[in-house]
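Report on the following structure.
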Amino acid sequence: MELRRSMALPRLLLLGLWAAALRDGAVAAGMKFTGSPIKLKVSQGQPVKLNCSLEGMEDPEMLWIKDGAVVQSVDQVYIPVDEDHWIGFLSLKSVERTDSGKYWCQVENGGKKEESQQVWLIVEGVPYFTVEPEDVSVSPNAPFHMACAAVGPPEPVTIVWWMGDSRVGLPDISPSILNVSGINQSTMFSCEAHNVKGLSSSRTATVQIKAMPLPPLNVTVSQVTSSNASVVWVPGFDGRAPLHSCTLQVAESPDGQEVSTEVAPVPPFAYGVQGLKHSTNYSVRVQCSNEMGSSPFTERVYFQTLELAPSSTPQNIHVIQRDPGLVLEWEGVAPDVLKENVLGYRLEWIQDNVTQGEMIVQDTKANLTTWNPLKDLIIRVCVLNSAGCGPWSDLFLLEAQEVMGGQRQPPYGTSWVPVALGILTALVTAVALALILLRKRRKETRFGHAFGSVVGRGDPAVHFRAARSFNREGPELIEATLESVGISDELKTKLKDVLIQEQQFTLGRMLGKGEFGSVREALLKLDDGSFQKVAVKMLKADIFTSTDIEEFLREAACMKEFDHPHVTKLIGVSLRSRPKGRLPIPMVILPFMKHGDLHAFLLMSRIGENPFNLPLQTLLKFMIDIASGMEYLSSKNFIHRDLAARNCMLDENMNVSVADFGLSKKIYSGDYYRQGCASKLPVKWLALESLADNLYTTHSDVWAFGVTMWEIVTRGQTPYAGIENAEIYNYLISGNRLKQPPECLEDVYDLMCRCWHPEPKLRPSFGVLRSQLEMIRGRMSTLSLSQDPLYVNIGKDKESSVSDPAVHTSFGNTDGDETIAGAAAAAITSDYRYIMSPLCLGDDVEGERHPEGQEGENKSLLYELETEGEKSC
């Protein structure tokens, strides 16, 4: 059906994609798409906006599908009309032919994918060429033809031909063939394609005239033997016609008498000449041919064949004992028997089945000095000339017991010594390999593998462009205020100045979803009218009470106090209204971090679909950033309690910020906090005192920082892989620690071990850790950071304004952006495990330091260093 242009939006075509029923009719109870299918024709280059409406589902994750594939457009917005009514928009700012196809919405509900009916988008424009004139070569005045074809829509398409600057023939419906009777000089041809939208011009093709080839170049002769030679050449200009053969003329020199003429099919441009005489001078020249004729011959190239190798063998070998060596004699080859120009003889002697040496002599006698008279001696001789060595003589054996006199010539026996040595070597090798594999298996069993495999799903980073903001308040909605959510007065006071009205931002696609909530990309409208890309963290609609809201917003209140480049800063909080007197949905607005969490980024670098190198200098920078942020937090008397790579975020400039303060606490008195019951804790990052007595201090954050350093060095491996949560405390109290990764510097691992000291007060402060890491990185500064491979082609944003908020995370060409972003998204799996706190004490703040009993118990945690296997603390 035709789409009329709106008077209010003359250049914006709105398509209502309203699907009345899902394809299979299996609609979940109460959930439905509304509307009907539609067919749209639009001109190329025009903007188009598609929308679909879904009712009966809270917080759906809608996807746009085109021809069966998920649409990766950056211009997608999802707007809640009310609690269970959502509208999704897909904007195409300048449609191309490739945008033509079938579009529909898809949502997953209860494990089933439900789809709306389809919309057909047809993009019309000037004709598009499918066949264009090609460059060809033709014989003079010979007939030939040219082809041209183009398609719409719209149809029909008419073809007009041009020869040089003149039109040829009459317009013809595509596809068109132009028949040319012949030309005698190079000529250019092109075609035009016309339809009601306009015309397109094809490429200009050049038709050349064929000619005879030019002579070959660089003729060389190689691999010369006594009877053969290899000739290689480079073809000259082929006359714009393929060469089909080359002719070689071989002649004896100096009289130039032709010996043979050889025709070689080409390519390859090489030929082996056979049947030549030995020790003879020859010359060769080459010409090549195409359908138009043959080139002139090249200049002659001269070469000489080699001599024949000797064919006779020395006879009657005998040896005479002399002190200190042996004199060997044999019958020489008569000069009138051979014409191979004998140069001498080669003698070879063997002991213990190994050639001990050889010598070349001019006459028929040789003096042997370097041999062992206590072992059997085998001798053989051949005739030698410039072509090589002739056949070997019969083997002559001189046994050890006959050294002092006699001599005989028994057959050449076989020794079993090499066989026995070979078998022994194979057995030793097999045993060594078995021991290596066994040792490796034991290590894997004890510590496990960090990961089996991580398969990137190819999901792209989430991008969108918000065309406008929407007021979602209706007559049924109760205004969402801090007074309406049932939180404490203290928390209301803290959040009052950072409360943002929900009309000020527009939600985009979902970035991630967890057990208790989700994170969406959004555009926040600022006071000056500009827009800022942010991330919105919200609780799920069906799992929270006033207590849940208060705990969720306490994290925001905690972040409000932070102002440091390496600590995530709160932008604001907001409340989404809901009907029927239900509690509003709390939302925390945070800066948008382009590269996501650090753990996912590290995994992507190691086992993503397109792994990339993270130099040690870059890894050290990550550690320094985290240490700097934690130094700031500790100076503010904050303990994090959940420091890990997964809770650190990476921005577009590769700077790390400490984030996720859901477990953080401020210490108003004393230096420690005692955890109450019913809190979930990341066991493998906890310090010994935290596991034993639920005590949390800045020193316990230092322990977690050591584990985070280990995560960074291993590029995201799981700490204590293969060890259950319930076993961690006994594992640590026994003196065990994480092992030194293979590529970890000694200085860096020493810092980790200091972070894991059993006595909390003997662990370094974050200021000391930052300083030490900066010193280590400074010693590596010989390699300029500008040469750091990590910074090659990252963030290839062509536009950074709100008009095109596309995000690219590329480590290669632009085609790899979505693949790498998808691999990072696939890597965010929160693969660590939690257990409940072992003690159920009151969740309060104690204004005292460790009692003596606790200090004594902590001191009892001291252990002796283990030295077996890999290096450990």
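Note: Cβ is positioned from N, Cα and C throughout, glycine not excepted.
What Swiss-Prot records for this protein:
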SIGNAL    1-28  signal peptide
DOMAIN    29-116  domain 'Ig-like C2-type 1'
CARBOHYD  Asn51  N-linked glycosylation site
DOMAIN    127-208  domain 'Ig-like C2-type 2'
CARBOHYD  Asn179  N-linked glycosylation site
CARBOHYD  Asn184  N-linked glycosylation site
CARBOHYD  Asn218  N-linked glycosylation site
CARBOHYD  Asn228  N-linked glycosylation site
CARBOHYD  Asn281  N-linked glycosylation site
CARBOHYD  Asn353  N-linked glycosylation site
CARBOHYD  Asn367  N-linked glycosylation site
TRANSMEM  417-437  transmembrane segment
TOPO_DOM  438-873  topological domain 'Cytoplasmic'
MOD_RES   Tyr673  phosphotyrosine
REGION    845-873  region 'Disordered'
* Out of Asn51, Asn184, Asn218, Asn228, Asn281, which has the highest number of nearby Cβ atoms, where nearby means within 10 Å of its Cβ, if these are the glycosylation sites? -> Asn51
* Could you tell me what the rest of the chain brings near the transmembrane segment (417-437), counting residues at least six beyond its ends with Cβ under 8 Å? => 352-353
* Structure fact -> CA pair Asn367 (N-linked glycosylation site) / Asn353 (N-linked glycosylation site), Å rounded to integer, equals 21
* At the Cα level, what's the spacing in Å between Asn353 (N-linked glycosylation site) and Asn228 (N-linked glycosylation site), rounded? -> 36
* Structure fact -> CB contacts under 8 angstroms to Asn179 (N-linked glycosylation site), restricted to the same chain and 6+ apart in sequence, sorted by sequence, are Pro143, His145
* Structure fact -> Between the C-alpha atoms of Asn184 (N-linked glycosylation site) and Asn281 (N-linked glycosylation site), the distance in angstrom, to the nearest integer, is 47
* Asked: What are the helix, strand and coil residue counts for the domain 'Ig-like C2-type 1' (29-116) according to DSSP?
  -> 3 helix, 51 strand, 34 coil
* Asked: From the Cα of Asn228 (N-linked glycosylation site) across to the Cα of Asn218 (N-linked glycosylation site), what is the distance in angstrom?
  -> 20
* Residue pair Asn228 (N-linked glycosylation site), Asn281 (N-linked glycosylation site) - Cα distance, angstrom, rounded -> 12
* Please state whether DSSP places Asn179 (N-linked glycosylation site) in a helix, a strand or coil. => strand
